[in-house]
Amino acid sequence: MQQTKKLTHSDITIAVMSGPFLQRGEPALVSKWYRTKMALACGVDLVVELPYAFSTQKAETFANGAISILNALHVSEICFGSEDGQIENFYNTISVQKNEEETFNRLVKQFMNAGNSYAKATSEAFLHILSSEKNIDMSQPNNILGFQYIKAILMQNSSMQAQTIKRFASHYHDETFNDQHIASATSIRKQLFSENSSFTEIEPFIPKATASLLASYKQNYGTLHNWEQYFSFFKYKLMTMSPEDLRHIYEIEEGLEHRILSKIQTSSSFHSFMEALKTKRYTWTRLQRACTHILTNTTKEEIHCANIEQHAPYIRLLGMSQKGQTYLSKNKKKIELPILTHTKTFDHPTLHIDRKANSVYFSIMQEPLRAQLLKQDATHHPIRYDETTAKFL
């Protein structure tokens, strides 16, 4: 956050945040309201939600939704972390892909026909057409997402400028702490769910406010969220589905339904199920997203109605500092998308999916807590934060 503010000289900062389920196809560690508090306490001025229909998607769709929201809020610059760290290289890579589009598409098809996943095929195609040091490594996950952010800016004819910060020490998929001060989200999550885990081990790697709020969530609700807690629900759902039922679920295609129904029979945990399910063609993340859609019963028809090829249909405001509130007041007449401060009276196909996802997310809670949290999610007004006193209002 400090590096972003230093690099962009921003007046205010806006974060677009996933809701209950994340882009890599897993439940968020804590609710979006607690994560909003974390963001505000760390210096963000406005926190808005990226709808489920965009947030649990491949990088291209995820980026398109996020950029459309930022564009609607009249953001002048975005900043993202990347393995490359040189923004010029992203623009060079986009230019090469555009100029070599026919060759690129042919290579992607060729590598997919050889049994590779789309992500792997795309990475291999880039390796073949990108030879200059001025291009980015498209096998790296944060480079891929940054590439899609900039493509979305260009596709939406936005005047937004992009900046990037190089990731140091820890890599996206690292499962262990390799540095004294920097750790990947993957390694932090693994530590939190390890035997005899405590928050002490992760405290050097996260802000104090984040550590405090994580501990508070676990104390108040008795749990942090991961896939294993949902596995019994997930397995039960699959045991009651036919291949035809499963084919209606978003991202279930090319016979994947038969493999899923076969592997679930002998799986005793989500991790063992994923180990049995993954192949060269289907990456772990791609499969986790498909499993998330099964868990939330998100169908192809629902995603079609959400019209994800277009821009996000609304802005769900989750939290704001005093500076953020002032910014919204000054610019609200220019913002063309509806800004939702709660969702109890608004209706849209995209919001219908969000409501289902929230319901599933809280399903692991005991009653009456589950019902209370679900009701609060619809009626919850944006969290307000006084940055001068560092207190929530």
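Here the Cβ of each residue, glycine as well, is placed from N, Cα and C on the backbone.
The ATP binding site annotation in Swiss-Prot covers Gly81, Asn142, Arg167 and is backed by sequence analysis. Arg167 (ATP binding site) has a Cβ environment of 18 other Cβ atoms inside 10 Å.
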Could you tell me which of these binding-site residues, Gly81, Asn142, has the fewest other Cβ atoms within 10 Å of its Cβ? Gly81
Could you tell me which three-state DSSP class Gly81 (ATP binding site) falls into? strand
